[in-house]
């Protein structure tokens with residue numbers, strides 16, 4: 001890790017920024033100091049220079065094949081003990097704006113009238129009922145999703161599950177021209193602020209008081225996943241492996257296809273396992289990074305992390321994940337957001353590993369084309385779990401590209417009298433103003449079909 005020191009003009013910049021931020025009464029002292037620390041690291045030019053020649057492909061000890069994991073205990077009381085060590089945390093800070101929705105993305109209806117959140121609650125309820133354990137659900141919200149989520153979780157008050165919520169940090173957007181926080185320029189509404197990426201889950205979990213509360217209850221691991229990944233369900237084999245081997249951190253990776261070439265991958269670097277993102281790759285090696293020959297796996301963002309290790313590393317300020325600068329324009333003003341990703345924390349934990357899991361554990365819904373897949377007969381719903389239909393012989397899902405007219409969920413739903421059967425489909429591209437009747441079967445006869 002090469003760390004540069006601040007040059008005088010940047011020291012002045014930081015000093016003025018510290019004074020500006022001190023006057024922002026909308027955020028806590030923890031948020032103020034976290035933000036200033038992030039900006040100081042950014043200004044210092046601190047950067048991890050990847051030496052391409054030092055990158056090594058991880059061995060099976062570092063990225064463990066899922067099929068080599070030992071089966072979980074057969075004894076129900078042993079399984080209960082195992083699950084009582086677990087907390088499930090879903091990253092719930094995102095809005096469904098890309099898909100034309102206004103509230104938290106997790107309340108989009110996915111299947112049979114059930115939302116992402118409904119399915120997550122049903123899954124954990126099933127576990128708690130089956131094993132008599134107490135696995136709590138924790139939602140990390142952003143200031144964008146907090147109020148709506150609190151109202152939504154009220155409907156689960158009688159369910160067999162403890163639901164906790166906390167907010168990730170709220171940081172001010174920085175005006176690039178003069179490095180003044182946007183809220184100091186009169187933008188006091190939500191547009192003046194941003195949530196600094198899911199790498200913030202670790203300090204925010206500690207600062208919320210939830211981390212200490214779970215440790216006092218004997219919890220040992222947290223399973224962190226995106227709320228829109230329907231494949232991110234509790235896996236007893238993985239939990240059992242981590243407890244037995246005292247791994248502080250585990251990232252689930254899965255084989256890369258040509259659709260995933262930009263996803264971060266795990267490498268061995270100077271004796272430690274590390275996440276390599278496309279932004280860190282020198283220009284001359286980008287094509288090599290995208291190749292599925294050399295880098296065969298990518299990060300699903302399903303993470304299993306030891307709670308005591310999180311506490312130790314956050315309190316010692318050791319989690320210095322790579323900073324992701326995210327420039328934006330707000331009403332014509334160029335602003336900067338500095339963010340971090342939770343996967344990049346892997347190199348700071350002891351005995352950190354990856355597990356190469358089946359593709360079924362990565363089923364995100366990022367667009368209405370994904371929604372078509374999970375609402376179709378490709379999947380069935382059992383106890384809140386979205387399970388692939390065995391009737392499909394091709395292990396890969398169909399490639400689906402929908403026209404702009406289908407982009408918003410409401411428009412997507414209005415264009416289907418019923419969701420077509422796609423079990424025998426390989427590829428579908430829909431262009432233009434198309435509407436589907438009921439009882440339609442889409443399948444390839446002579447090759448990819450255009451509609």
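Keep in mind that glycine also has a Cβ here, set from the backbone N, Cα and C atoms.
Per TrEMBL, the features are as follows:
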- 105, 168, 197, 228, 366: UTP binding site (BINDING)
- 198: substrate binding site (BINDING)
Rounded inter-Cα distance in Å - residue 366 (UTP binding site), the residue listed as 'substrate binding site':
17
Of 198, 366 (the binding-site residues), the residue whose Cβ has the fewest other Cβ atoms within 10 Å:
366
Quick one: of 105, 168, which of the binding-site residues has the smallest count of other CB atoms within 10 A?
105
Rounded inter-Cα distance in Å - residue 105 (UTP binding site), residue 198 (substrate binding site):
15
In whole Å, could you give the widest CA to CA gap in the UTP site formed by 105, 168, 197, 228, 366?
21
Other CB atoms within 10 A, centred on residue 197 (UTP binding site):
23
Cα distance (Å, whole number) from residue 168 (UTP binding site) to the residue listed as 'substrate binding site':
8
Cβ atoms near residue 228 (UTP binding site) (within 10 Å, other residues, all chains):
22
